[in-house]
């Protein structure tokens, strides 16, 4: 990746139906998040494909890169900008072989420094640590210390993402510790005014 990407990294919420999901995303895209990740652990593959295609169109129109969670094949099928890999989703090199040299490939590193080193060495475009705080999306997720963000920012060439339980109140501490990207679901999409909340996050990076 060229210029170091920084800002709000929006992750889609679980939604009862596709229309609700797409309306929620369309509402916040004017905030121009740095990235938008499509994450849906509940839908069947056909619905995932339909939603990802629709999100691709919305994101392309808004100039926001679309990342697909955990599914290289789906990312390729909809010509997404990249993929986010978890523990069992393969290597950055394998994903790049499928998606191409320009794909944005992120890797979940949880609280594991060695995993982050390995991911960066394998060509990851960003590494993600978390949960940084208790998370309603993943209540049992392992907690990662803020010191990992600082260490990664100093030692790795790729951007550093923080995820898990992030709010406007704790976000400044994460940025100060070294986070380039703040991955947020609930604190934006469950807000009374999601667009204004997203804009408030983006302003933290101004």
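Every residue gets a Cβ built from N, Cα and C, even glycine.
Predicted, not measured: the structure shown is a model, and the values here were computed from it.
What Swiss-Prot records for 37, 38, 39, 40, 41, 69, 108, 138 is 4-amino-2-methyl-5-(diphosphooxymethyl)pyrimidine binding site. In sequence order, 131, 164 are the residues of the chain that are 6 or more apart from residue 138 (4-amino-2-methyl-5-(diphosphooxymethyl)pyrimidine binding site) and have a CB within less than 8 Å of its CB. According to its DSSP assignment, residue 138 (4-amino-2-methyl-5-(diphosphooxymethyl)pyrimidine binding site) is coil.
Shown in sequence order, 70, 71, 72, 83, 95 are the residues of the chain, 6+ apart in sequence, with a C-beta less than 8 angstroms from the C-beta of residue 89 (Mg(2+) binding site). Secondary structure from DSSP puts residue 89 (Mg(2+) binding site) in coil. Per Swiss-Prot, Mg(2+) binding site is recorded for 70, 89.
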Out of these binding-site residues, 39, 41, which one has the fewest other C-beta atoms within 10 Å of its own C-beta?
41
What is the number of other Cβ atoms found within 10 Å of the Cβ of residue 40 (4-amino-2-methyl-5-(diphosphooxymethyl)pyrimidine binding site)?
21
Mapped DSSP class for residue 37 (4-amino-2-methyl-5-(diphosphooxymethyl)pyrimidine binding site), helix or strand or coil:
strand
